[in-house]
Amino acid sequence: MSESQQFFEYPPVGARIVSLVASVIVATASGTPYVYSVFAPQLVKNSKLPVSSLSNLSLALALGGACGGFPAGLMIDKFGPGPADFIGSIFQFTAFTLLHKIYTTQSQNIPLLMVALACVGFGSILSFYSTVKCATANFPHHRGTAGALPVSAYALAALLYSSIAVNFFKDNTAGLLKFFSLFCPTLCVASSFFLRIYKKEKRSDATVSANSESAIAEERTTMKTVPSAASLMSAFNERRRSLRGSLSFWGIGVRSPRGSVSSFSQENRPLLAPELRRADSSVIYSAVEDVPVFVREHSPIWNHYIVKAICQRLFLKYYFILASLQGIGQMYIYSVGFIVVAQVNSTPNKKLTVGQSQALQVSTIAIASFLGRLTSGPISDVFRRKFHAQRIWCIFFASSLMGLGQHLTSIFDSVEQITLCSFITGFAFGFVFGTFPAVVADRFGTEGFSTIWGLMTTGGIITVSQLTKLFGYYLGKHTDEDGVCRAGLECYREAFVFTKWASLFISALLLLTIYINHRLGTKG
């Protein structure tokens, strides 16, 4: 038995399974940003904050999650997943303690409230990304399955917390915030001791063999002192297959060879530093709202390949499309709690209270988004492999579905009907983020993929901010002196008419992109 094989047989599987279970627990505990809509309307009303502040609060939460991804990755790499998770729990405790204090004192300190929400977002992704790195590093041959467990748990956390809010904290927002400040950090701290990467640090050749076939690993070890062109090419191919496998649960399957991308990769291979081809670059996730991708340690952020990629017109087109769909989806997710308040206040004789209705919408969005992410990968693979079509057709489907959800939101005038809108919008949102990483990888390749994808998702911060500001503007037009809108549908209808037409515009742009890609022979 070779040394590289012994490397994978130790430690026992049981220890790694315990770590995986701990990862799932931490991921569930850290999914707090998804329950923003459960407590935000009550927090704003209790503190008598202006409705125009909604966009600032949503922006703070988004900034904490999106822009905090890079420093979170650095902390995980430096301190390890366990200590990083512990630090994330401190941020979560501090954030919800501040929110509880603001609620009970009816403070109108908006900057302090924004800091608290930013800490919620940053603490959440710091703990969450720790679990994903731990899961994927401990199971290098089953990264897709292992990584999918904490990802799924994180997405379904909203269902758990909304159920807790309804059953145990009905009309008790202060108690709910206190619960979050204690329960989530406690679970993260208790599980942080089990978040360990069970991996022997031997010499570099043994580490390289961890993600390669044993025969090729032995050949590379033997020829280490005198590297040849053949051995370097073999290493490149093995690394590419390993990375492709690790991205499988994002819907990135085996790609058909294409002249454009292949030549692009060939041209830039000499520019890659030797450490980029090492397999000891374990994976973490880069910053996105609820959509992470793999980043390799020691990888330079800017290199010639990435500069060439982001200067392409297609990159800018994809950037605009993703930013628009991300903004539309997150605007609905962040605003649905206020939609429920408007509906319930316009017709008070409802069977469900405001808290129950909000929890229902959050749970519906969580389940729908999970289903969208789960089904998008296989469906896009069928489009690509069986029908030889572009994956971006799936984005067109999601954009059209998003437009339908926005249209129904602009005409439905009851909480029961809004539930259907939540399911459609949540499914479309999950479908977008389940498919788009594969579209990007197909077009630009996997070298530098994480940096390209991370840059592409930054546009959502701008669109989320502007669209929530638009929602707050129309809601504020119909709000009375008590800060409550009792006009029902008219409180927010104009905002969703705008997002409906925006979705249709994106759908038309996608059709144009599909046509151009077909003419150029590009399979995006």
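Glycine is no exception: its Cβ is also placed from the backbone N, Cα and C atoms.
Database features, via TrEMBL:
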type	residues	note
TRANSMEM	12-36	transmembrane segment
TRANSMEM	56-74	transmembrane segment
TRANSMEM	110-132	transmembrane segment
TRANSMEM	144-164	transmembrane segment
TRANSMEM	176-195	transmembrane segment
TRANSMEM	318-342	transmembrane segment
TRANSMEM	392-411	transmembrane segment
TRANSMEM	417-440	transmembrane segment
TRANSMEM	452-475	transmembrane segment
TRANSMEM	495-516	transmembrane segment
Contact call for the transmembrane segment (318-342) against the transmembrane segment (176-195), three or more Cβ pairs under 8 Å: no
Interface check, the transmembrane segment (392-411) with the transmembrane segment (176-195), three or more C-beta pairs under 8 A: no
Range from 12-36, 56-74, 495-516 with the greatest count of C-beta pairs under 8 A to the transmembrane segment (452-475): 56-74
Region pair the transmembrane segment (110-132) / the transmembrane segment (495-516), three or more CB pairs under 8 Å: no
